[in-house]
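Over in TrEMBL, the protein carries these features:
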- ASP41: active site (ACT_SITE)
- ASP41, ASP175: Mg(2+) 1 binding site (BINDING)
- GLU101: active site (ACT_SITE)
- GLU101: Mg(2+) 2 binding site (BINDING)
- ASP175: active site (ACT_SITE)
Amino acid sequence: MKLRIFHKILISFKNIFYSENTSESHIFDSMISEKIILGIDPGTTIMGFGIISVIKGNMEMVSIHELLLKKYPNHETKLKHIFDKTLALIDEFHPDEVALEAPFFGKNVQSMLKLGRAQGVAMAASLHRNIPITEYSPKKIKMAITGNGNASKEQVAGMLQSLLKLKEFPTKYLDASDGLAVAVCHHFNSGTISSDKSYTGWDSFLKQNPDRLK
């Protein structure tokens, strides 16, 4: 949080002492450039969300959230709450980019279908606000964080605590930490083409998924 406070001080200093379109102003612009990334781990029982700030390459955890879905009576109600929660976090933290964990392929077709819907609803909320989204496979996220594509959730959480310099992990739900891992993975992959899929809006999504348009 100290990094974000310093960032706000720099913005205030620039606004007070420097007018726009001056060399000094452009220097300050390069100093105060900030990116907010929202990472999402889709789920049908727990949905994990992690928000990080990146200033001059330095990461800081902004917030972490979990949406507990077991208490809702049916799948449709869960999807509505996923959409509402994603939209609320976007409107509160104004992320520049959204990254999601792509569903892994399992043997239970019904579970895969529900998980895909949960991811799709979160994607729809992001695209509704015209925020570019990127997908990463679970293995790629684990590899980016720990160097081991088969790492456990506990190992991922432990490495996140070290990377983000957290005295203690702020949640007992590992799915929420997975959302944070997605955001950190996206930062590590910024400027590369190593993501699984990325979309900049509805047009981009439909062009890359013509089979979903009937």
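Cβ atoms here come from the backbone N, Cα and C positions, even for glycine.
In TrEMBL, annotation is done automatically, which means it is predicted and not curated.
Predicted, not measured: the structure shown is a model, and the values here were computed from it.
On a Cα basis, ASP175 (Mg(2+) 1 binding site) lies 11 Å away from GLU101 (active site). Geometry remark: ASP41 (active site) versus ASP175 (Mg(2+) 1 binding site), CA distance 7 Å. In the three-state DSSP reading, GLU101 (active site) counts as strand. Taken residue by residue with DSSP, ASP175 (Mg(2+) 1 binding site) is part of a helix. Less than 8 angstroms from the CB of ASP175 (Mg(2+) 1 binding site) sit ASP41, GLY43, ILE46, MET47, GLY48, GLU66, each of them six or more residues away in the same chain. Residue environment of ASP41 (active site) contains 28 other Cβ atoms, counted within 10 Å of its Cβ in all protein chains. All protein chains shown were included, and the count of other CB atoms within 10 Å of the CB of GLU101 (active site) stands at 26.
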